[in-house]
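Worksheet: the structure to be examined is printed underneath.
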Amino acid sequence: MDFLEALARPPLVLGVDPRPGLHGKEPIPHLRRYSLEVLEALAPRLAAVKFQLAFFEALGPEGMALLLELASGARVMGLPVLFDGKRGDIGSTAEAYAEAYLLRFPGSALTLNPYLGLDALEPFFRAAQRSGGAVFVLAKTSNPGAGFLQDLEVGRRPLYLHLAEVLAEEGRRYLEGPWSRVGLVVGATYPEAVQRVREAAPHAPLLLPGVGAQGGKPLKGPGLLNASARALFYPRGRPDLEGALEAAEALLAALVE
Ligand SMILES: O=C(O)c1cc(=O)[nH]c(=O)n1[C@@H]1O[C@H](COP(=O)(O)O)[C@@H](O)[C@H]1O
């Protein structure tokens with residue numbers, strides 16, 4: 001599997017951010033069963049599944065084992081996997097992160113934090129190239145305080161746009177057909193930023209988190225991957241398979257004719 005196949009699938013990404021408190025007295029087995037059911041039911045309606053590593057790490061060793069099981073399960077279902085770790089470190093450590101999430105899971109994608117600079121991102125780009133994967137670099141995040149650094153002016157445009165331009169140029173070396181393996185993250189809560197980044201980086205897949213619980217609306221357009229976690233995985237504030245299907249259908253109705 002190549003992660004870029006996600007771009008030819010329905011433009012919806014299911015975020016899996018497990019809340020053990022919603023899964024009863026024995027959360028891990030319940031969560032395992034529910035996650036597999038949701039993945040199986042929603043897979044044909046999804047571009048990819050995004051596992052937020054923090055929530056699995058918070059569950060301890062059993063949580064990490066569950067993450068690996070769910071990631072393997074998604075791959076068996078033919079569903080592209082995105083690891084949301086927002087990694088970023090000096091080159092030699094970046095190599096290790098890239099090994100852990102891109103090379104050990106060929107065809108997967110990983111979210112990245114660009115604060116350390118291009119030399120710290122390149123090991124991830126090369127690993128994505130080797131493994132048929134992709135990366136999504138944070139440009140404009142969905143949170144209310146995103147502008148603190150990301151909107152600072154650099155050469156008469158906001159920093160996030162400068163980053164998008166630089167990565168669009170870098171990303172040309174990692175093109176596979178119309179799309180680059182170097183994607184960007186732009187919060188669905190900032191639709192005008194999505195538009196500006198799309199213009200600055202026409203070949204970058206764009207991951208748009210914040211749909212649903214954070215108030216973002218799904219956005220339609222080439223290479224736009226709308227991501228929703230709570231509103232899809234816990235549609236009425238709790239595990240609910242029927243509700244998850246309905247929520248996915250409703251979001252897709254707004255995205256696909
Ligand atoms: O990289 C991300 O996925 C991400 C980037 C961003 O700017 N904002 C953002 O909310 N996210 C992640 O997307 C998920 C949001 O979940 P919901 O708000 O429940 O849909 C969480 O896992 C966040 O860590």
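First residue shown is number 1, and so on along the chain.
Glycine too: its Cβ is placed from the backbone N, Cα and C atoms.
Per TrEMBL, the features are:
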{"type": "ACT_SITE", "residues": "Lys86", "note": "active site, proton donor"}
{"type": "DOMAIN", "residues": "11-251", "note": "domain 'Orotidine 5'-phosphate decarboxylase'"}
Around the residue listed as 'active site, proton donor', how many other CB atoms lie within 10 A of its CB? 19
Whole-number mean of pLDDT values that fall within the domain 'Orotidine 5'-phosphate decarboxylase' (11-251): 98
